[in-house]
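In what follows, a single structure is set out as structure tokens and then discussed.
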């Protein structure tokens, strides 16, 4: 019988998941406590002792949630829970766009990739949401992310080169312009989507005020700006109203479990993540046409 490799916590058949999720190594901690491993530092809870989602894992989670939302929009419109789960997808994509900006080796190539797949995705998106090859009143979400990326680049450039009293009004103007372009261009989530990208840039970090800023801005963007369906809920004899779009705040749970680890980052995986967007929409359109025959 084969056993796990040294330091691995998974059986051989599942060790490929180590590039996606990292789980605490309890055996190592136990041996440290027993003195079997020499250590000069006391053991205390750290990031290494918590679930650690990689960037690859976040992409997979976001793609799965997006697929659920698009299944509701096409084949399963009666299953409202699918679109409720789908509310979590966009904040994760917005967050990863900001992380991509700070980790990319070539910003120009990154922006051009987004532009390329925004163009490739437009026809499948129009077919899925408009039922036609050309649906000018709604553009796919990659345009939203591209506007956010360009705005983040402008704000970061100004922040590095100018003093605070100059950079603040300029960054505010960039944010307003990005939101306006998203609204006028009718990109997915409109200006609110572009502002979501900016929010993760402004409140990037793990300090308490950054996390609080993420919560407050996501609440304002999703509940106040976007709104949407309201579900009445009875709990302990009292009635509450739950905004469907407000479920987007739950996306902060997997986002906060990300600690900067990249995970799987091969070229095939990278382009598979990009291609998933237009390909899955095209397949859903074909399936819908087959069902409606």
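Note: Cβ is positioned from N, Cα and C throughout, glycine not excepted.
Remember, it's a predicted structure, so these values are computed and weren't measured experimentally.
As annotated by TrEMBL, transmembrane segment applies to 46-68 (among others).
Residues 55, 58-59, 61-63, 65-66, 68-73, 141, 145, 148-149, 152, 188-189, 193, 196-197, 199-201, 204, 218, 222, 244-248, 250-252, 254-255, 258 of the same chain sit 6 or more residues outside the transmembrane segment (80-98) yet have a Cβ under 8 Å from a Cβ within it. The annotation transmembrane segment is assigned in TrEMBL to 80-98 (among others).
If you look up TrEMBL, you'll see 110-127 (among others) marked as transmembrane segment.
For 133-152 (among others), the entry in TrEMBL reads transmembrane segment. Through the fold, the transmembrane segment (133-152) approaches residues 90, 93-94, 97-98, 100-101, 110-111, 114-115, 117-118, 121-123, 125-127, 174-175, 177-178, 181-182, 185-190, 193-194, 196-198, 201, 277 of its own chain, all at least 6 residues removed from its boundaries and within a Cβ separation under 8 Å.
TrEMBL lists 164-181 (among others) with the feature transmembrane segment. Note on the transmembrane segment (164-181): residues 147-148, 150-151, 154-155, 158, 191-192, 194-195, 198 of its chain, located 6 or more positions outside it, place their CB under 8 angstroms from a CB of the stretch.
Marked as transmembrane segment by TrEMBL: 187-203 (among others). Non-local neighbours of the transmembrane segment (187-203) in the same chain are 90-91, 94-95, 97-98, 101, 138-141, 143-145, 147-149, 151-152, 155-156, 175, 178-181, 209-211, 213-214, 217-218, 221-222, 225-226; each lies 6+ residues outside the stretch with a CB under 8 Å from one of its CB atoms.
Per TrEMBL, transmembrane segment is recorded for 215-236 (among others).
Long-range contacts of the transmembrane segment (271-291) within the same chain: residues 59, 63, 66-67, 70-71, 74-75, 113, 117, 120-121, 124-125, 127-128, 140-142, each at least 6 residues beyond the stretch ends and with a Cβ under 8 Å from a Cβ of the stretch. Per TrEMBL, the feature transmembrane segment maps to 271-291 (among others).
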